[in-house]
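Sequence annotations record features per position, and here Swiss-Prot assigns Zn(2+) binding site to 69, 71, 87, 90 based on sequence analysis. Marked as Mg(2+) binding site by Swiss-Prot on the basis of sequence analysis: 489, 491, 493.
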């Protein structure tokens, strides 16, 4: 439907029998009204044409082939000069065959049928409206018992029949025959009510606003009573108050949406368009039919039987009619929701029939599969793995995914650079994976962001923009800091990749959706890009160091001369001297050559402003040299001073892990400063 703002929208709810009839009924150009499905047949076994008034009738649902009627005559669609607009022999209109995707039919039920969703689903809407137990309503719907109608105080057939049960045995066989004569159902319906018709009558008699007033008054009265001191009674009162609140909310919803309660009981059963429940011919001439067709046939068979019992048979026992009404109710229940009342209906191969509920609900249902989430072009999907070397705003795309997503852009680049004469040649180069293809792909990806999405998308951080780069393998590489926004981890999670095509979408991705633009939670303002457990453990290992202390290895200013260019092992690690390094590169190079450990203490020459060294810490030791220079040794650094007490060099006691962390922080600060400037 289209609202007042011209927005397309879908609304699900109850509709009146008049609305169902308006959807399904159509008037042919000759004035004939069609739309009711009366026969349980699909296709004729000889001609393979739809049966008239059947589940695939062309008069009701439209022609199978555009502009061709059931007789085989052809008319041009949309030609105003063509007359008539339908075939006078078969009654099929000359219209587009796509009408069979939305043209509905209906089945006129011989008795009212309760919609099983409103009766059996929890909470039961019908039970809430009538304020009766669900088991009692089920017994009434499925004709297990009846209730007497309020009538005047006069002799009734119910009383008469009760008296006959105690009379002489000679009347035993004649009295039931009297109660099953033609026309007795009129007297029976005057005094008793059963089946879905009884539910419909009670729902039709309800005044919704009166229900709200009485429910609110009762809820207020229960609230004023207070606690009784009995735990069981208090729980009972609490459950009653919750029920009254749910009842008032339900009634308000019906009033707001202009839905009548009696619409929860069906008199007309809609028939889906045939293209939504097709019969397909496969190899070998075999036919495959949708399960819904079999369930519709079951409903029509039982409904026609009940119609015959009510109209043609003269001596039909009342119990037989009630039993047939129950069968019609069960057939409609199976069509709407197979298995909701217990054992589901199965076919000859012991396979459960898929009902209407099974078609639309679940992950593979109509809504989540094709309406809410559908497959789109320029998208891909793969497993995510950690990419610790990536920047926060970058992601790694596998070559297979990248070349498929950006194939049209690569083709345009090949043609513009005169590397391919046409699209076919460009596609051949891509299939053969020539080196120039990857070069152009990298150029295209540099200026084109991509969107990463992880289901379920519960908030706006569930889909963010990244700058893609090519990586080896078949998994998407992701920076670990952005995982919290996606609620993702690296234990097999999958993410979807989308390419924004329009300039507006690309601008929105760059300005609003880039990962480095979403560092704070939009809900509470807390940081969303925080280190994960893996990163915290890595930082701890990186900065833990060896805590032997400076006194464990007595200082010797010439220990750096004893540093050997050889690997170390655990046997001589404890007795090894602490080496001296002049810069970062020497220390990291020694670690990569496995001459020192990640947490090995070392002395590193530090270019530091002398004004920063203003600590009042007393040196642990002071060593003097023959030339007058001396070394002041502190807990984590040492200072070499001249004779005039001027600082010559400063060495800090650190580890390779601390050095690596410091360099990363320094590069990040420098990059941020350059970006801001």
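Cβ coordinates come from backbone N, Cα and C, glycine included.
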Using Cα positions only, nearest of the binding-site residues to residue 69 (Zn(2+) binding site) (489, 491, 493): 493
Whole-number Å value for how far residue 71 (Zn(2+) binding site) lies from residue 493 (Mg(2+) binding site) (Cα to Cα): 57
Which of 69, 71, 87, 90, all binding-site residues, has a Cβ with the fewest other Cβ atoms inside 10 Å: 71
Binding-site residues compared (489, 491, 493) - the one with the fewest other Cβ atoms within 10 Å: 491
Chain-mates of 69, 71, 87, 90 with C-beta within 8 Å of site centroid, Zn(2+): 70, 72, 73, 86, 88, 89, 91, 92
Reduced DSSP assignment, residue 493 (Mg(2+) binding site): coil
Residues flanking the Mg(2+) site, with Cβ no more than 8 Å from the Cβ centroid of 489, 491, 493 and excluding those residues themselves: 384, 488, 490, 492
